[in-house]
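Enquirer: Below you'll find the structure I mean.
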Amino acid sequence: MGILCKVVDMLLLVAFMVMLVAGPLIDAQLVLPEATFPEVLVRLKQQYAEEYQDYLMVEKPHFFVALVWLELIFQWPLVLLNIYGILASKHWFHTTCLIYGASVITAMTALLGELMGSQKASDKLLTVYSPFMGLGVLAFLRGLVPNLGKAQTIGKRPAMAREKRA
C-alpha cells in the first residue's frame, strides 16, 4: 500500500504543480481585468478558447465565474499546502488533500453537468474538463488514506497507551 500511495502522491504532485501555475495565470483572466496580464497569456487563453470551443471561457456565465473564484480563493491555497505537504511529508497532508478533493468534485459536478446538459460542449472540450473530476476523486481517495510508515505522535512522544503505575 505504501508504494501505491507514493505513486499517487507523485501523480498528485504533478497535477498540483500544473494547478499552481494555471490558476493565477490563465483562470484568473476570467475574473480580473485582462490589462493586468501579459499579452502572451491573454493570447494563450484566447487560442485555447477558440481551439477547444470553450464557450464557458468566452461567455463567462455567472456560475462559472463563481467557480473560478472558488478555485482562486479556496482551492489554490490548498494546492500550495498539498505541494508542501507532499514534499515535506507532513502528517496533515491527507486532511488537506481530502478537503481539496471534495471541493474539486463538487465544482466539477456542476461544471460537467452544465457541459453535458447544455449540448454546447464538443467531445474535445469534455476531454479537457473530465480529467479534473478524476483529479478530484484521486485527491479525495488519497485523503481517506492516512500517512503510512510513520508512528502517530503527540508532541515529541509516541501516541501509545500509557501503562498505569501502582
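A Cβ is built for glycine as well, from the same backbone N, Cα and C atoms used for every other residue.
So TrEMBL has the following annotated:
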DOMAIN    8-140  domain 'EXPERA'
TRANSMEM  7-26  transmembrane segment
TRANSMEM  63-85  transmembrane segment
TRANSMEM  97-116  transmembrane segment
TRANSMEM  128-145  transmembrane segment
Enquirer: Grab the pLDDT values for the domain 'EXPERA' (8-140) and give me their mean, rounded.
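Expert: The answer is 96, the mean pLDDT of the model over that range.
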Enquirer: Kindly report the helix/strand/coil residue split of the domain 'EXPERA' (8-140) according to DSSP, in that order.
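Expert: DSSP composition of the domain 'EXPERA' (8-140): 113 helix, 0 strand, 20 coil.
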